[in-house]
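Here is what TrEMBL records for this protein:
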- C:34-51: transmembrane segment (TRANSMEM)
- C:63-86: transmembrane segment (TRANSMEM)
- C:98-117: transmembrane segment (TRANSMEM)
- C:145-162: transmembrane segment (TRANSMEM)
- C:224-249: transmembrane segment (TRANSMEM)
- C:312-333: transmembrane segment (TRANSMEM)
- C:340-361: transmembrane segment (TRANSMEM)
- C:413-434: transmembrane segment (TRANSMEM)
- C:458-485: transmembrane segment (TRANSMEM)
- C:505-527: transmembrane segment (TRANSMEM)
- C:547-570: transmembrane segment (TRANSMEM)
- C:582-603: transmembrane segment (TRANSMEM)
Amino acid sequence: MRRRHVLGAGLAIAVAGMAGSAMAQSEIKIGEINSYSLLPAFTEPYRKGWQLAVEEVNAAGGINGKKLVVISKDDGGKPADAQTAANELVSSENVAMLAGTFLSNIGLAVSDFANQKKVFFLAAEPLTDAITWSKGNRYTFRLRPSNYMQAAMLVEEAAKLPAKRWATIAPNYEYGQSAVAVFKKLMSEKRPDIQWVDEQWPPQGKIDAGPVVQAVAAANPEAILNVTFGADLVKLVREGNTRGLFKGRSVVSFLTGEPEYLDPLKDETPEGWIVTGYPWYDIKTPDHDKFLKAYQAKYNDYPRLGSIVGYQTIKAAAAILAKANSTDPEKLIAATEGLSMPSPFGEITFRKIDHQSTLGAYVGKTALKDGKGVMVNSVYRKGADYLPSDAEVEKLRPK
Amino acid sequence: MSMVPTLLSVEALSKSYGGVHAVRSVSFELRAGEILALIGPNGAGKSTCFDMLNGQNIPDSGRITLLGEDTVGRKPRAIWRLGVGRTFQITATFPTMTVRENVQVALVSYGRQLFNLWGSTAAYAREEAGRLLDLVGMGAYAGRPCGELAYGDLKRLELAIALANQPRLLLMDEPTAGMAPRERIELMRLTARIAREQSIGVLFTEHDMDVVFEHADRILVLNRGSLIAQGSPEEVRGNPQVRAIYLGEGLVYDARHREGAGA
Amino acid sequence: MAFYFVQFLTGLASAASLFLVASGLSIIFGVTRIVNFAHGAFYMLGAYMAFTLTERFSGALGFWGGIVAAALVVAAIGVLVEMVLLRRIYHAPELFQLLATFGLTLMVQDIVVLIWGPDDLLGRRAPSFRGAVDFFGQNIPSYDLFLIALSPVVLGVLWLLFQRTRWGVLVRAATQDRDMVAALGVNQKWLFTSVFALGVFLAALGGALQIPRDAVHHALDLRIIVEVFVVVVIGGLGSIIGAFVAAVLVSELNAFGILIFPKISIILVFLVMAVVLIVRPWGLFGKPEAAARRTPGLTVNPWRPLTSGERLMSLGALVLAAMLPLFAGNYALTVGSEIAIYVIFAASLHFLMSVGGLASFGHAAYFGLGAYGVAFLAKAAGLPMIVSLLLGPLLGLLGAAVFGFFAVQLSGVYFAMLTLAFAQIVWSIAFQWVTVTGGDNGILGVWPDKWASSPASFYWLSLAVAALAVAVLRVIVFSPFGFALRATRDSPLRSEAIGINGKRVQWTAFVISGTVAGIGGALFAYLKGSVFPDSLGISLSVDALVMVLLGGVETVSGAIIGAIVFKAANIWLVSQTDLSKLVLGGFIVLMVVAFPKGIVGTLETIRNRWRSPEKKSALAMSRIETAE
Ligand SMILES: Nc1ncnc2c1ncn2[C@@H]1O[C@H](COP(=O)(O)OP(=O)(O)OP(=O)(O)O)[C@@H](O)[C@H]1O
Ligand SMILES: [Mg+2]
């Protein structure tokens with residue numbers, strides 16, 4: 001079920017919200033923000049994930065006896081609107097903490113808001129390294145493995161390839177740029193012998209795939225790094241397949257193994273790409289089994305990576321609130337730093353040093369099975385193993 | 001007469017559009033206080049002449065000397081600053097303003113207040129605007145929206161606007177089109193009176209020959225872009241070529257004239 | 001060599017889809033003068049519909065039949081839209097139809113997700129066009145070759161349609177002179193409907209033909225609409241050949257441009273458009289627009305300053321607004337500040353649009369520049385808030401002075417598109433120049449100084465600045481300069497003939513407007529504590545247009561009401577529902593129909609009618625109605 005107020009009732013709720021919350025004693029509220037209307041393909045499963053978590057938390061007695069309530073807002077994909085939503089959640093809804101966000105710039109906007117207003121913020125999905133490092137702040141924690149971590153996981157595999165001539169294709173915005181930059185840096189450290197022969201920067205969401213594929217092919221690389229995703233990825237794969245770009249070339253690709261991005265490719269999924277992702281059909285751990293069963297029972301649908309992120313965001317929030325046994329932001333921070341907890345991917349810890357969680361990702365290869373794209377030979381990579389040394393992290397974070 | 005200075009002198013003015021010679025080597029002079037009529041059938045090139053005189057149109061060749069200055073290539077606004085007022089065949093006024101405001105804008109421009117961001121236009125030169133409107137018989141309409149005016153009244157308003165910069169020369173392209181015969185005579189009488197009093201030169205076009213012959217000091221006859229006759233009303237009336245053009249119509253108004261176009 | 005040839009063909013294939021959509025837009029604009037913002041929505045519907053139909057019916061016939069059927073179905077929807085919605089508002093002020101079609105676009109974005117779900121959909125490949133053709137070792141998809149062949153065919157068919165049929169002659173006549181068609185006694189209603197249907201058909205066909213090479217998703221419309229506008233304008237509005245040439249030009253420049261500058265795509269079309277419009281103000285194949293004849297019956301009542309009673313009422317409203325902190329909470333105050341800032345922004349555009357007659361499609365540029373100006377001063381130079389607030393908008397002023405100079409050389413839609421191009425250029429600089437602007441991650445930490453940091457004090461600050469800005473703009477409207485500006489708008493001919501340098505006057509107005517927008521942006525930066533390229537983006541520019549049109553473009557200060565209504569509705573809806581676009585779009589469409597002159601404009605008309613009942617017939621008269 002989507003949380004959606006009937007318009008007529010909306011006014012009453014808004015008024016009630018402004019009047020403050022008389023219910024506050026018996027419940028704890030989390031304010032959640034995400035790009036529901038802009039990125040439904042990712043945020044729908046995400047929403048299902050956190051709704052499942054809320055149900056589980058409350059079924060298990062809530063947070064120290066108090067009922068957990070999540071108030072969710074759409075940001076429309078705009079940082080300014082995310083700020084408005086954050087403000088509403090904090091000022092009128094008196095939430096104990098903020099959580100969520102998908103896009104990096106929105107994550108950063110809310111993180112800066114949290115820092116200014118001294119509100120605890122658990123960033124769910126934004127990948128940018130800045131949110132924990134260069135623009136990291138005391139009030140912000142992040143769940144998902146960062147850009148750097150995913151790059152490091154891929155580099156580990158990519159460095160084993162014989163390929164020496166590399167080309168890159170990435171969306172022309174911060175995420176794409178920093179993914180390529182980190183990948184190149186780590187890769188060149190491991191393999192000083194490789195050459196970067198071409199780079200393509202199609203605008204995010206507007207790739208003109210034909211010319212891009214053609215241009216990359218002209219540079220004749222032995223391997224390709226791809227950072228595009230979503231509809232851009234579909235176009236790129238279709239053009240690349242038809243024009244034979246991927247034939248005889250290794251491809252390393254960010255996020256492509258996530259069902260959100262892999263499933264739409266259907267029978268056109270290219271085989272043998274080295275990707276990060278979420279092979280839910282292949283994970284055989286008790287933690288994950290439990291999650292998978294509950295999810296499928298509730299929704300009669302399989303989970304996407306967004307489901308994991310949504311689920312774990314609220315699980316983590318509940319764990320933090322329970323441990324702090326308070327809604328005071330300082331106590332929440334103290335509780336979170338170093339806190340370990342179970343997740344469908346195994347135990348994770350929120351690092352004290354940079355507030356990054358050690359949630360990892362699966363790395364594997366794409367393959368076709370029954371006309372559908374899957375990840376095979378997947379291995380879970382723990383986040384903790386793919387972060388720079390503490391000394392380096394110290395240097396990255398502002399004092 | 002030779003004491004009166006020459007306001008405007010036009011030499012061998014030409015303009016063509018593709019193959020059409022709209023105006024072909026036209027030359028004439030106009031002195032202060034003189035009322036000169038430019039007549040000719042539809043499409044003769046009258047409006048094209050006017051447009052070249054006030055800078056709206058650039059001649060292919062020829063010279064225009066206005067108040068001693070060569071004005072070919074100058075913008076209409078520069079020529080206006082020399083002291084030339086103009087009315088258009090199809091009226092051009094400001095439909096979203098009141099009648100008074102229409103005149104006030106011209107006065108603002110004349111007073112070089114165009115970039116005054118802070119004053120009140122309503123108070124600016126209100127009396128002067130009223131005086132000009134009274135002069136053309138529009139005083140009673142000063143507060144009316146310009147968009148509501150009848151076509152004849154718009155013509156009158158245009159005259160008031162044209163007089164706002166105390167012009168030395170008035171260019172009037174069919175100033176009385178759309179008016180009743182009596183109004184025509186009245187407006188032209190008024191124009192003639194102002195011209196005489198203030199020693200303004202007037203060049204006007206008119207299809208109503210009664211008006212032309214009553215008021216013009218001299219008449220220029222244009223046909224297919226060329227000047228085929230010029231002189232006093234009597235001389236022109238007697239000219240056989242002119243008669244041939246206006247054959248059988250007793251030198252009166254061309255019936256095909258686009259009465260009240262745009263109204 | 002083979003590579004360059006194949007790259008050229010690839011460019012042609014990209015051009016083909018662009019051309020189909022662009023030609024439809026161009027035809028619609030040429031005849032109806034509607035800036036059809038919903039064209040992208042029809043394109044997207046075409047793709048979704050084709051996806052459904054081609055999945056349902058198998059085989060080659062199922063595929064090709066599905067494509068054509070999809071386009072026909074969407075064209076039928078277009079006819080419905082034209083008859084039910086657009087027909088009611090042809091007589092509304094220019095650009096008002098833009099507002100209606102914008103509302104539709106918003107609705108469609110949500111509707112497709114409701115119907116087809118949130119996931120990206122992968123359509124079928126075209127039967128017998130699955131593979132690639134080998135050309136000296138280079139592969140070119142056979143479907144690309146099909147598209148390349150298709151676009152000249154469509155061009156030819158359109159040409160025959162326009163040259164050889166009576167309908168085509170009428171369409172061409174209408175493109176040149178709408179009044180003439182009315183005079184010929186043609187049933188203009190049906191001419192418009194059929195033209196709209198054809199345009200929508202082409203858009204939907206363009207979308208449907210993309211399914212073998214693209215993913216079908218709910219953001220397809222935005223991806224194409226701006227680009228298509230640009231193509232139409234580069235080619236020259238109303239020119240089909242122009243659309244064709246421009247589509248090829250843009251696509252080829254992109255195909256070869258990325259070989260040298262891989263980051264060029266993001267900005268290319270806008271650069272091309274800016275250059276073309278500066279060199280050829282009417283596009284490559286366009287003709288100078290005949291001086292716009294003002295629709296009769298509009299603005300019969302000249303503007304006048306507020307009477308003392310009205311002044312008192314406005315003051316009262318202001319005092320009332322200033323009392324908000326007495327009873328409202330922090331959130332309401334922050335929303336209040338945001339609305340006040342949008343009032344400033346909308347008022348600045350309104351000044352340019354309704355007083356100056358210059359509809360800018362890129363007004364966010366100056367708002368955003370003001371915001372970035374503040375961010376630079378506060379973050380890089382570390383200046384105190386008051387100094388940054390005073391100096392930040394100067395960046396907006398500077399931008400307006402530079403871009404305005406070129407923009408005011410044009411008018412009408414061309415002016416609109418050049419301002420859009422400039423805004424996109426500024427946007428992409430902010431987006432790309434990461435070291436200075438932080439790229440899309442923006443500049444953070446621009447928070448107000450202590451004295452303004454509480455929501456109440458920031459609200460008072462915003463309210464005071466908004467009141468001041470609106471008051472100053474009103475004074476300017478009734479100043480000699482304001483009259484000179486209106487004079488230039490009303491009649492370029494007459495104003496030039498009374499010594500007014502129209503371009504200089506318009507340029508000055510542009511700078512004033514840009515500066516005021518910059519002031520709004522400066523406050524916005526402090527309200528949000530950060531600046532992102534969004535604040536320079538198209539969607540903000542469109543928001544501003546919507547606010548002005550909603551308030552009433554032919555009023556003195558309608559934008560204030562437009563901004564309050566739009567922004568309040570927007571914030572509230574986004575907070576209350578994930579379907580905010582559907583509801584907001586529906587709301588806009590209803591407003592357009594109910595208040596064809598904008599909210600304030602319609603209220604004024606009602607008041608005037610009530611005062612002088614005998615005038616109302618003239619007011620209600622519209623060109624369409626007269627044509628019948
Ligand atoms: N912009 C133009 N392009 C092409 N031909 C033009 C243009 N302007 C005028 N002409 C042609 O030049 C000739 C003179 O036109 P003009 O308007 O000067 O005539 P006129 O004497 O004022 O006629 P009327 O009595 O109808 O006003 C006509 O044949 C007209 O068609
Ligand atoms: Mg004429």
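The backbone N, Cα and C atoms fix where each Cβ goes, and this holds for glycine too.
Remote same-chain residues near the transmembrane segment (C:145-162) are listed as 9, 12-13, 15-17, 19-20, 23, 27, 126, 129, 133, 168-169, 171-172, 202, 209, 240-241, 244, 247 (criterion: CB distance under 8 Å, separation of at least six residues from the stretch ends). Non-local neighbours of the transmembrane segment (C:458-485) in the same chain are 303, 305-306, 318, 321-322, 324-325, 333-334, 336-337, 340-341, 343-344, 347-348, 350-351, 355-356, 448, 452, 495, 500, 505-506, 508-509, 512, 516, 519-520, 523, 526-527, 556-557, 560; each lies 6+ residues outside the stretch with a CB under 8 Å from one of its CB atoms.
Here the transmembrane segment (C:34-51) touches the transmembrane segment (C:98-117). Their Cβ atoms form 3 or more pairs under 8 Å, with each pair 6 or more residues apart.
Using a cut-off of 8 Å between Cβ atoms, the transmembrane segment (C:98-117) and the transmembrane segment (C:340-361) share fewer than three residue pairs, counting only pairs 6 or more apart in sequence.
Long-range contacts of the transmembrane segment (C:63-86) within its own chain (CB-CB distance under 8 A, at least 6 residues past either end) are made by residues 32, 34, 38, 42, 45-46, 49-50, 52-54, 56-57, 97, 100-101, 104, 124, 126-127, 192-193, 196-205, 207-209, 211, 589, 592-593.
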